[in-house]
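Residues or ranges marked as divalent metal cation binding site by TrEMBL: His66, Asp104, His312, Glu316.
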Amino acid sequence: MNLRELVSALNDFASPALAESWDNVGLLVEPSPPHTVKTLLLTNDLTEEVMEEAVQKKADLVLSYHPPIFTPLKRVTWKTWKERLVVRALENRIGIYSPHTAYDAIPHGVNNWLAKGLGACTSVPLHPSTAPSSPAEGTHRVEFCADAEHLDAVLFKIKDIPEISCLTTLTARVEGEEQTRVSLNCSQKALLEVVALLSQNSLLHHKTEILLLQKPLLPHTGMGRLCTLSEPVSLSDVIERIKGHLQLPHIRVAVGTGRTLESPVKKAALCAGSGSSVLKGTEADLYLTGEMSHHDVLDAVANGISVILCEHSNTERGFLSELRDTLAIHLQNKINIIVSEKDRDPLQV
């Protein structure tokens, strides 16, 4: 596939608009076009060892779940390992694409895969995603009626206010008089200026309606998951299930106050990777994630919530095999998709 065609297909699979605002997702490194992709290498982390593997396996594109370019690069030299990744990628005509939190949000993504380790359960996002392209721009819609005497002057002043969009006018008959109905979308900041302007004329202000524009929530899409198990199981059973699902000999466990390893787990909140901010404040029997700060673990335990930590990328990497199969179907088997054999969590127990 042509790289740009492939990137479009990957964006359809998981829209970059679903990623967190702080994230850096999408195509990060692009060889000069045209660039044909025959082999796609999947990895959780793009390390220098994985880049060497990509070169040896003649990959044309690396899909790295974590973005190897996160903070801005001021130069591209041989000095630091992330700069060297970019140099080697371009020298060997290898593109780099990263989905990161877009894959966390989607219903067929990382968190849903992690939830399978709990056994039979139903799940809902802890922080649901909103539709990225709906409604139109702005946070508020302002509508008011004006007669011919005031219309031109008001519109002239409104057009000077920044962050206003979708300004429309429509002739209407109000209380037997012909007037113009004005509708506009604006930001929270612009709303204050619009209201201040309309307040200068008591007649306009009296006929003003302000609507809050809220984007609809997307079903089964968002950050984290709150999982309700079909049948309660003991914490020790959940531990064994998670170890089996992630294929780990060891995980870390903090037992909640007043709980034991035999205490039942009915509700589990989970977040792949680093889950403190996503899980915080959620009522559950168990928190499952890769890593949490010491003090966040103490808070959870004090509230009677047990915590399972598996190390950051161990809660994500196993998804790559499932991703390979689902992407193959999505891309109609047009390219060869392989999973890195060199990718691994940097920590060992």
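Note: Cβ is positioned from N, Cα and C throughout, glycine not excepted.
Within the same chain, the residues at least 6 positions away from Glu316 (divalent metal cation binding site) whose Cβ sits under 8 Å from its Cβ are Asn44, Tyr65, Val110, Leu114, Ala272, Gly273, Gly290, listed in sequence order.
Listed binding-site residues: His66, His312; maximum Cβ neighbour count within 10 Å falls on His312. Neighbours of Asp104 (divalent metal cation binding site), defined as other CB atoms within 10 A of its CB across all chains, total 29.
Taking the mean position of the Cβ atoms of His66, Asp104, His312, Glu316 as the divalent metal cation site, the remaining residues of that chain whose Cβ falls within 8 Å of it are Asn44, Tyr65, His100, Val110, Ala272, Gly273, Ser274, Gly290, Ser313, Thr315.
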